[in-house]
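Undergrad: Here it is, the structure, as structure tokens.
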Amino acid sequence: MHVRFRHLFLLPLITLVACSQPVSKNHLSLTSLSANAQQPVVNNAWLEISQGALDFNTKKMLTLLDNKSTLCAILKGDAYGHDLTLVTPVMLKNNVQCIGVASNQELKTVRDLGFTGQLIRVRSATLKEMQQAMAYDVEELIGDKTVAEQLNNIAKLNGKVLRIHLALNSAGMSRNGLEVSKARGLNDAKTIAGLKNLTIVGIMSHYPVEDASEIKADLARFQQQAKDVIAVTGLKREKIKLHVANTFATLAVPDSWLDMVRVGGVFYGDTIASTEYKRVMTFKSNIASLNNYPKGGTVGYDRTYTLKRDSLLANIPVGYADGYRRVFSNAGHVIIQGQRLPVLGKTSMNTVIVDVTDLKKVSLGDEVVLFGKQGNAEIQAEEIEDLSGALFTEMSILWGATNKRILVD
């Protein structure tokens with residue numbers, strides 16, 4: 001409506017009349033809007049994180065180590081996509097003494113959740129990160145002399161002595177460790193050890209392969225190089241933690257435990273070294289709509305699938321925006337009512353289509369499992385990896401970044 005200047009004197013009357021009109025039943029009241037705003041958001045897809053499975057895996061690992069080596073729980077990558085705020089309390093409950101993360105946000109989150117134990121950053125960090133992280137009482141990973149010298153200066157200016165772990169390249173990652181097989185690397189280690197505002201509390205390396213025979217060879221190399229570093233620097237062995245073992249090495253090569261193990265995937269049931277640990281994550285959605293389509297019809301973008309029979313198709317409101325990638329187009333399966341069912345056509349941004357013709361009875365809202373178990377059926381990590389060409393960890397982190405995580409049991 002266009003209101004001209006000469007009509008402005010009518011505005012008070014118009015307003016009075018409008019305000020006196022009854023509110024239509026078709027409009028939400030302010031009260032109902034407020035109540036609705038306080039309710040949890042209904043999600044199109046979500047990840048269920050099993051507290052019971054996580055607790056089981058943690059206890060099993062602690063029992064395996066039997067106090068022969070310190071357990072450092074690696075919770076980087078937002079606990080591999082499982083939600084750091086959900087996983088950390090389970091570590092606290094089980095009295096885990098060491099946690100390893102990567103980012104400053106993760107450092108802050110772990111401390112805010114009440115963890116007061118040993119906190120290690122398990123990657124190289126920028127100087128800005130490390131300067132801010134002094135507030136979180138973190139032990140930094142250092143494998144570069146120049147970085148060590150600059151961090152030492154920052155620590156001195158702040159009146160602090162920082163604990164660090166010296167990274168060696170003994171396993172051949174060529175990522176962030178000193179090459180102490182050469183004189184230059186040993187000299188760098190000696191220089192770092194002499195910095196007054198840094199204290200070396202650990203010497204570590206990291207394995208690039210999951211092969212027991214290679215790990216044993218790398219372990220022998222690390223032990224010799226660590227011995228050389230201790231000799232040239234004058235460090236006291238009893239004050240240094242030696243640690244190299246990741247999840248695979250911890251389970252497959254007990255000799256690699258040394259003073260501490262750094263395990264991550266095992267907490268979430270993600271390891272090829274053992275089938276005794278439980279999967280923690282399940283990826284779920286619900287059926288949004290059901291439609292019958294005739295034989296010969298096509299499904300999805302680019303008509304990549306042609307129906308071979310009259311079919312009942314279920315619309316699942318999850319797509320590549322939720323981390324269910326296009327690689328699952330015409331290849332993936334989901335589970336509904338305990339049966340594996342095929343994904344038809346290309347995955348859309350927010351939708352996948354599933355053939356439910358063979359189900360005896362199917363209804364709107366039925367639960368859909370995109371990863372994990374339902375009844376006796378299961379979508380396994382190996383299947384996800386084969387179809388996606390990605391590590392399952394890569395997928396779990398992606399799903400965690402794009403979907404609500406809910407703690408169950």
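Positions of Cβ are set from backbone N, Cα and C atoms, glycine also.
The model shown is predicted, which means the values in this text are computed figures rather than measured ones.
Okay, so Swiss-Prot annotates it like this:
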type     : residues       : note
SIGNAL   : 1-20           : signal peptide
DISULFID : Cys72-Cys98    : disulfide bond
ACT_SITE : Lys76          : active site, proton acceptor
BINDING  : Arg175, Met349 : substrate binding site
ACT_SITE : Tyr301         : active site, proton acceptor
Undergrad: Through the lens of DSSP with three states only, how would you label Met349 (substrate binding site)?
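TA: SS state of Met349 (substrate binding site) = coil.
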Undergrad: List the residues of the same chain that sit at least 6 positions away from Tyr301 (active site, proton acceptor) in sequence and have their Cβ under 8 Å from its Cβ, in sequence order, or write 'none'.
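TA: Looking at Cβ-Cβ distances below 8 Å from Tyr301 (active site, proton acceptor), excluding near sequence neighbours, one finds Gly345, Lys346, Ser348.
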Undergrad: Among all the protein chains here, how many other CB atoms are within 10 A of the CB of Arg175 (substrate binding site)?
TA: 13
Undergrad: Work out how many Å separate Met349 (substrate binding site) and Cys98 (disulfide bond) at their Cα atoms, rounded off.
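TA: That comes out at 40 Å between the alpha carbons.
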Undergrad: Rounded to a whole angstrom, what is the C-alpha distance between Cys72 (disulfide bond) and Arg175 (substrate binding site)?
TA: 21
Undergrad: If H, G and I count as helix, E and B as strand, and all else as coil, what does DSSP give for Lys76 (active site, proton acceptor)?
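TA: Assignment for Lys76 (active site, proton acceptor) reads helix.
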Undergrad: Just jot down the residues in the same chain as Cys98 (disulfide bond), at least 6 apart in sequence, with C-beta under 8 A of its C-beta; none if empty.
TA: Thr70, Leu71, Cys72, Ala73, Gly117, Gln118, Leu119, Ile120, Met260
Undergrad: Once near-sequence residues are set aside, which residues in the chain of Lys76 (active site, proton acceptor), 6 or more away, have Cβ atoms under 8 Å from its Cβ?
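TA: Listed in sequence order: Gly100, Val101, Ala102, Ser103, Glu106, Val122, Arg123, Gly264.
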Undergrad: Taking the Cβ of each of the recorded positions and counting other Cβ atoms inside 10 Å, which one has the highest number: Cys72, Met349?
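TA: That would be Cys72, with the highest Cβ count within 10 Å.
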